[in-house]
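**Student:** Before we start, here is the structure in question, set down as structure tokens.
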Amino acid sequence: MSQATVEEKSKLRVIIVGGSVAGLTLAHCLAKANIDHIVLEKRAEISPQEGAFIGIWPNGARILDQLGLYDDFESLMPPVHRMNVRFPDGFTFSSFLPRTIQERFGYPIISIDRQKVLETLYERYPHKSNVLVNKKVMNVRLLGKGVSVVTEDGSAYNGDIVVGADGIHSRIRSEMWRLADENHPGLITSEDKQAFTVEYACVFGISEQLPSLRAGEHINSYSNGLCVITFHGEKGRIFWFLLVKLPKKTTYPNTPRFSAGDAASVCNNFATFRVSEDVCVSDLWMHKLCASMTALEEGILERWHYDRIVLLGDSVHKMTPNIGQGANTALEDASVLASLLNNLSKLSTEDGTSAYAMTKLLDEFQSTRYERAKNTHDKSRFGARLHTRDDMIKTLIGRYVFPYAGPRVLERSVKSLATAHSVEYLPFSKRLGPAWGEYSSRTKSTLGSTPIQMLTLLLPCLFYFMYSKLNLSLSS
């Protein structure tokens, strides 16, 4: 389909800033709806190698399948079927939760090189002339009946709405705040401007295959202030990350930056840390193909939009990689925004592109997505601190509750995944498993109560632990 054909079918024009997973997925969604759009990417290429990888869970997989893309991704990595967990006292346990998730939903959990994800999204995109690289955005101008985005080379792109899919260092977020401060002082709160904080850093790496790390399995190795998580391909790569607690908490944008030397230094400091019985961090580093180190911002904004500007993905909610939901949450954002834009595009030109219509749409977008994104963010935050044994409570929960809470963890995972958002105007695949029908997207998620429910489970275990220690002391 040519660009002209898209324009004939929809007068609505969307400017997407950021050739990210969120941005390119939104472009695919809009192409399916014949909504005119353009993608502006500041880098010279869409898919650079940065050493990072992405976990795709059933909630993200279902959206990619709606777009006809999932088979391309599934072929890149064997599904995860077994999780192995290791604690510093030598205790280990295994869980087939990933296999059960696949059986219930019809989609496995897979981990893929982020470069490959972006490459596939771009190569399968039908209107490549709509994706422009070397387009660093300098400012956004509100035009009353539209909006204009000006890039570093002096080009101006006009549309009805600007979507900031440009990540944690979002230029569009900065412009949204600037314009709101100029026109409606106080609308953007100081809390939102300081919403992103950093307490952890992470070394992401991709290594050559190590024989003792079996394909289709992944390992979580926990310690105090540190965790290492690996995913193992078949005759291929090992994806891994080392997450470490930093000495002090900082607030974005005054957060640390790290070099390749920093990544090497961290991995050298933890070289003897055991990932498994036979593999240490030094083995992952010695066999690495690429690696990078980054600060891990965490936070979620209370205001996602202003006027004709809206944020999605990491530009509005940022989480650690511990529960693998960052990219999946961005995919859900894209699916909901595209569904609302599709509905809007069916109105008359005047009604569909008016300031009132845009404000109503963006209000609905945030109200639809906020609670679920906030719950996912909070669960990720809790997961990072559970995995790094951040305090006594989380240490005890991780060691004495988590290994024995399999059915409850499964139940909560199923409910969370089954209530995920999707593209409303595209059909589902026949491969959908039975779990999707067990809950509707209108069912309230319970993710936000994770710490309280875990504490309730912990108390009996804690009393038993103390009783055992007391008996041991008395008998000695």
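Glycine is no exception: its Cβ is also placed from the backbone N, Cα and C atoms.
Source: prediction; values computed, not measured.
This is the feature table in Swiss-Prot:
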type: BINDING; residues: E41, G55, R114, D314, A327; note: FAD binding site
type: ACT_SITE; residues: Y222; note: active site
type: CARBOHYD; residues: N343; note: N-linked glycosylation site
type: TRANSMEM; residues: 447-467; note: transmembrane segment
type: CARBOHYD; residues: N471; note: N-linked glycosylation site
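Structural setting of the listed features?
**Tutor:** All protein chains shown were included, and the count of other CB atoms within 10 Å of the CB of G55 (FAD binding site) stands at 21.
Taking the Cβ of Y222 (active site) as centre and 10 Å as the limit, one finds 20 other Cβ atoms among all the protein chains shown.
Secondary structure at N343 (N-linked glycosylation site), as computed by DSSP, is helix.
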**Student:** Between the Cα atoms of E41 (FAD binding site) and Y222 (active site), what distance do you get, rounded to the nearest Å?
**Tutor:** 37
**Student:** Using Cα coordinates, what distance in whole Å links A327 (FAD binding site) and N343 (N-linked glycosylation site)?
**Tutor:** 25
**Student:** Please list residues from the chain of D314 (FAD binding site) whose Cβ is under 8 angstroms from its Cβ, counting only those at least six apart in sequence.
**Tutor:** S20, A22, G167, I168, S170, G326, A330
**Student:** Could you measure the widest C-alpha to C-alpha distance across E41, G55, R114, D314, A327, the residues recorded as binding FAD, and give it to a whole number of angstrom?
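**Tutor:** The span, Cα to Cα at its widest, is 23 Å.
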**Student:** If you compare CA-to-CA distances from Y222 (active site) to each of the recorded positions G55, R114, N343, which comes out shortest?
**Tutor:** G55
**Student:** For R114 (FAD binding site), which of the three DSSP-derived states applies: helix, strand, or coil?
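**Tutor:** DSSP assigns R114 (FAD binding site) to helix.
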**Student:** Can you see whether DSSP assigns E41 (FAD binding site) to helix, strand or coil?
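**Tutor:** Looking at the DSSP assignment, E41 (FAD binding site) belongs to neither helix nor strand, so coil.
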